[in-house]
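Everything on this sheet refers to the single structure shown next.
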Amino acid sequence: MDFNNIPLATIKSSDDKGKDFIVEMTTRPSETKKKVPFSEDMREIPSLPNEEEANATDPQANEVADENGEGFEAEKISSWIWVLSAVAGISGLLFGYDTGVISGALAVLGSDLGHVLSSGQKELITSATSFAALISATTSGWLADWVGRKRLLLCADAIFVIGSVIMAASRNVAMMVVGRFIVGYGIGLTSLIVPMYITELAPARLRGRLVIIYVVFITGGQLIAYSLNAAFEHVHQGWRIMFGIGAAPALGQLISLFWTPESPRYLLRHNHVEKVYKILSRIHPEAKPAEIAYKVSLIQEGVKVDFPEGNKFQHFFHSLKVLFTVPSNRRSLFIGCFLQWFQQFSGTNAIQYFSAIIFQSVGFKNSISVSIVVGATNFVFTIVAFMFIDRIGRRRILLCTSAVMIAGLALCAIAYHFLPADTTQNTNSGWQYVVLASIIIFLASYASGIGNIPWQQAELFPMEVRALGAGFSTAINWVGNLIISASFLTMMESITPTGTFALFAGFCFVGLVTSYFTYPELAGMSIENIHKLLEKGFWQAVKESTKRVRKGRIDEA
């Protein structure tokens, strides 16, 4: 990218005496318009050319005029961005560990909480986390804009530690439910904040993979939990150790976050321009100072448009109004909420939460150990998604894997139909292995597609409504999680396992059809271009975006 003919923004420089000043560029880096004393509290960056003016100057300028500036981001990217994403992704480890550890704990609790648990009490203990996460996900959107992404992550870690200690020390069902509720509140915060934080830091060409780091940690946490479930299965009250271990990664992340930056867009909203300049310079170590300054000013211009003057309550109600009245924002909200609905009503968390109980029901004697297969499948195929989501694209992966999910669930329903009524008397029917195989098929396709694509939701929304829109979408995730976790065992008893898994297959079919007509290909696009694409309507956006996909790779339109 040649920046010589593009009007540039301001950069920090020094005169012959070493005194810092700000240089406002005109058309070439060698030409200066004025010098003003440098202040650590830089408040303003001069106005920039609009996109038409930039394109008239340089045919490639549209790459820089976007919010994410793909031309600028073609520069070498520092490994630091991977470290930041990994530190934030530890929240996913907490999420996944809690999902997996409850499966093993429910199978070995026995009467340790005062009596043998009923199905309803197991559902209550499991769903308490989802209910709390729903509450926190609903409220954390506007909190993220008020206090920042990083501070909320710090709070979530402290909350998770407290909840883990309470669960480990539980003496009755009520105490366990309270601990699960507290942990759920922390998980709900991170399920919204982490994908948004990574999205706002990530270069466009790496955004999909960087966000999937969060999902990799989720599935990694589940695998660790299933392994520990097996290790402590025969340890007296080993479930207490299993719950207590969950506090360790939370403490590790809490300490690590003190060395990570706040989101650049949040910082610019609060006029911390110099901090953003330093962050982008570190992410793009080979970029020219003028390129960094231009990028900073582009983001700042977007923040100024997205957040007009006013107090916090005015901003909130303004964002709420814009989210529901602007057609492109409504489409973004529909896609975000729909994808989260699809993920939860596919039935995956029923399998994650109750895998040990499921495998017990079909006749596996060592059901907790068999559950490790569930965690391993989820983890391995999330890595597959990590490798290909920015190469093949979100839409193509989603459509293909959804069809395989339907086949896996249908096969599971059929296998349950032919299982003997009393699996304790006949454990060699062969159909139990068909159930296991079908669940592996389902989870492999789930982890490759709908298991991670909804967490890309922050890319759907412009800055003005990002936290709010992502908050609504995440809330739908936890509503679905709550419904499934609170009703799965009851469904298995009332409409039979065959009916339950057939119902999940039906939900997936609805998800596949809706995805085909409404979900465009977004890989490789800047956030600003995504917003422009969705202005054209669902089907037009789908048609235009699919033209960008050529021979298995993503080309920017």
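A Cβ is built for glycine as well, from the same backbone N, Cα and C atoms used for every other residue.
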Lys76 / Pro497 share membrane side in Swiss-Prot: no
DSSP-derived helix, strand and coil totals, residue by residue, for the topological domain 'Extracellular' (262-367): 83 helix, 0 strand, 23 coil
Range from 100-120, 397-417, 469-489 with most C-beta pairs under 8 A to the transmembrane segment (210-230): 100-120
Structural state census, the topological domain 'Cytoplasmic' (454-468) (DSSP three-state): 13 helix, 0 strand, 2 coil
Interface check, the transmembrane segment (499-519) with the transmembrane segment (397-417), three or more C-beta pairs under 8 A: yes
Confidence summary for the topological domain 'Extracellular' (262-367), mean pLDDT rounded: 83
Interface check, the transmembrane segment (77-97) with the transmembrane segment (433-453), three or more C-beta pairs under 8 A: no
In contact by Cβ distance (the transmembrane segment (100-120), the transmembrane segment (158-178); 3 or more pairs under 8 Å): yes
